[in-house]
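Record features (TrEMBL):
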- SER33: active site (ACT_SITE)
- LYS83: active site (ACT_SITE)
- 6-95: domain 'Peptidase S26' (DOMAIN)
Amino acid sequence: MALKTVKYAAVGLLSGIFIFDRIGYPAVVRGSSMEPTLVGISRRDGRYTVKDVVWINRLKKNSEKLDIIALISPKDRNSTFIKRVSGTEGERVRFPKINDGRHFLIPEHHLCVMSDNINKNVGIDSSNFGPVSKSLVIGKATHIIWPPSRWRKLT
């Protein structure tokens, strides 16, 4: 009986690891940079409140303009971001803080990402670090899966 339980637990654990590593995983939205589309964790009176949790589909790594994606930070490989794709390879873009505010061409195999929040003091994105390599894309945020009142597909 105990051996059977261990066997089922091992199969469940390995299945879970496979799903999260290869197919997708839930990600907690942090900060306010993607508001109003996604609502991040808030801290009030020393307590943290989780607002939105999104599903990151690892099978969808081909990012198109306006997709919401999860990516590894180009500045700190231990950090991840959830941002919107604002430009893809071959497009001309302009960021005041980069290239002296002049237009530049997004290089091959790169994209630009931006925050949805229009407050310029919120979020770290391509306006801070420039185009990011597509190899840093983890996957596409496809759905808000928590809280139930905000369940919806992201476009």
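Positions of Cβ are set from backbone N, Cα and C atoms, glycine also.
For LYS83 (active site), the same-chain residues lying six or more positions away in sequence with a CB closer than 8 A to its CB are SER33, MET34, ILE68, ILE69, LEU71, VAL113, MET114, SER115, GLY123, ASP125. Within 10 Å of the C-beta atom of SER33 (active site) sit 21 other C-beta atoms, taking all shown protein chains into account.
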